[in-house]
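Only one structure is covered here, and it is reproduced in the block below.
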Amino acid sequence: MFKTIRCNQINDKLVNQRIEINAWVKKIRHHGKVTFINLRDRYDEAQVLVSDENLLKITSQIKMEYCIKVQGTLELRPLELANKEMKTGAFEILAENIDIISRCNELPFMIEDNNNANDNAKLEYRYLDLRREEQKQKIILRSKVTHIIRNYLTKKDFLELETPTFVKSTPEGARDFLVPSRIHKGHFYALPQSPQIYKQLTMVAGLDKYFQIARCYRDEDSRGDRQPEFTQLDLEMSFIKKENIFKLMENLMFTIFKNTLNIALPKKFKKMTYKHAMNTYGSDKPDTRYELLIQDMSKHFKKSSFNVFQDMLQNKGTIKALIIKNQAHNFSRSKINNLEEHAKIYKARGLYFAKIENNEFSGGIAKFLNEIKQTLIEAYSLANNDIIFFIADSWETACKAMGQVRIKIATELNLINKNIFEFLWIYDFPLFEYDEDTKSYQAAHHMFSLPKQKYIHTLESNPSKVLGEVYDLVLNGMELGSGSIRVHTRELQQRIFNIVGFKNEIAEERFGFFLKALEYGAPIHGGIAIGIDRLLMLMTHSSSIKDVILFPKNSFAASPLDKSPSRISNEQLRELNLTIENYKN
């Protein structure tokens, strides 16, 4: 009898015992009258020694990535022949039987070479890509993380509940994926962009602690690293303040990182307001792994002779500056020009600079700084070989553009420590933002967030000034999650709908079922959604979320693996009472 084991179960206790392993051929080497086979399964590797004449005939047919069954006796290898690069390198299996379970076609790329395949090939043959150790470990980590999340929240009395996948189309910003109904001709379901409304209804139902590992869908234009379907940890709690969410998520992240990467995060994360983040880092999701803080130099230029700055200040603009210490020699004119072009992408009018050389300003706008030279040197402890960059613009543009310059400089100067994880909370976000194109207000996050108490009575008079009970969790300069305390009365929810352009009749048609629920004793409640794909990407230092999704789409929301999306038959269209115009196009 042979004992069936996995590769990682090989140990001293099994020496001289007969074992069976089912696995894939990672490597095969023929050496005259012996053949060595390296097997790989999900758990580890093992080496097989084949010397039997009949078995050698079988091994002559075996190629890499064949799936085979090996039966044999486990032996210790001579000490000098032990493979120290393998956990099981001190052992080998002396083969007695070998069966080919299934053969493998010529490989589209080498499994052991991570760099020899383009992205499209890796997506088309994702099942082969996942045999690579690095890719496999990322998916295994994903499973561990979701398991930890479930255990942690269940112990905190949360209920794991499933909200509907077919829902009413209630636009939340991006386009909905629509599903035609065969039974209800001419009617459509939408796939949820998030479980937002349904988790709030769960609170109205009195189920005060909810969570879900939720699949979400957004029909967005192709850009960057977006996926049309993604996964988030969605949770909601009743009778809470934002501090309750902060504590819950800090402890959860601590548990995840400690039990997977053996990294002890701080028990409490940094916190800063949206305004402070924008002023200091030029971003509402700042990367705090490096300093490089933005300075507001407006007060120093109030009496400056530099008309560009003077005009901007008189028009209620601001002067933002970035001081790079002891690095002026690294900024050639061409590099500075590239930085200026980068700033202009983010709508800045220009990027100005001055260097400190021989205790004097030089280059750029140096001649306009003489009258405030000593003030700047003392205020910012300037020294030789420092360089200052300036942006004069509206507050929002100056902050955002300088924030992008900050990121580019930090990347080029290699200032970012990629081996640390810096979490922080951003809170007190604006509730609304004004769209210059449509001349109307939009929800900055979403329409269900509660305004801070002091703004509730003046919502309509100045929406731009209204701050909300909204918070984001940021990790290494990336928004990991977003949440808020929610509106829990119909009257206030209707007012917010009106501000963003949903008059009563439109709001009733789209959200009537939700507004009705708010009339039946809704509790104070709030929650957060954490992007699991994004979390895993950061934990594994991956360059793309595709690496941590089992079967991802490409950048065009298509699957090279199953060739979706695909056309459907005329019969299917007739059943749905649909016709397609210009099908050939």
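A Cβ is built for glycine as well, from the same backbone N, Cα and C atoms used for every other residue.
The site 'Important for tRNA non-discrimination' annotation in Swiss-Prot covers HIS31 and is backed by sequence analysis. The Cβ of HIS31 (site 'Important for tRNA non-discrimination') has 7 other Cβ atoms within 10 Å, all protein chains considered.
Around ARG486 (L-aspartate binding site), the C-beta neighbours below 8 angstroms that are at least 6 residues distant in the chain are GLN200, MET203, PHE448, SER449, LEU450, HIS525, GLY526, GLY527. Secondary structure from DSSP puts ARG486 (L-aspartate binding site) in a beta strand. Among the features that Swiss-Prot reports, L-aspartate binding site is placed at GLU172, ARG218, HIS445, ARG486.
Per DSSP, the region 'Aspartate' (196-199) is made up of 4 helix, 0 strand, 0 coil. The region 'Aspartate' annotation in Swiss-Prot covers 196-199 and rests on sequence analysis.
Under the heading ATP binding site, Swiss-Prot lists ARG218, ASP219, GLU220, GLN227, GLU479, GLY531, ILE532, ASP533, ARG534. In this structure, GLU479 (ATP binding site) is part of a beta strand by DSSP. Cβ environment of GLU479 (ATP binding site): ASP284, LYS285, ASP472, LEU473, GLY531, ARG534 lie under 8 Å away, each six or more residues apart in the same chain.
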Let me know the DSSP-derived helix, strand or coil state of ARG534 (ATP binding site), please. helix
Can you count the other CB atoms that lie within 10 A of the CB of ILE532 (ATP binding site)? 24
Smallest Cα-Cα separation from HIS445 (L-aspartate binding site) among the recorded positions HIS31, GLU220, ILE532 is shown by GLU220
For the C-alpha pair, I'd like the distance in angstrom between HIS31 (site 'Important for tRNA non-discrimination') and ARG218 (L-aspartate binding site), rounded off. 56
By a simple count, how many Cβ atoms lie within 10 Å of the Cβ of ARG534 (ATP binding site), its own Cβ left out? 20
Cα separation, ILE532 (ATP binding site) to ARG218 (L-aspartate binding site) (Å, whole number): 16
Should GLU220 (ATP binding site) be counted as helix, strand, or coil on the basis of DSSP? coil
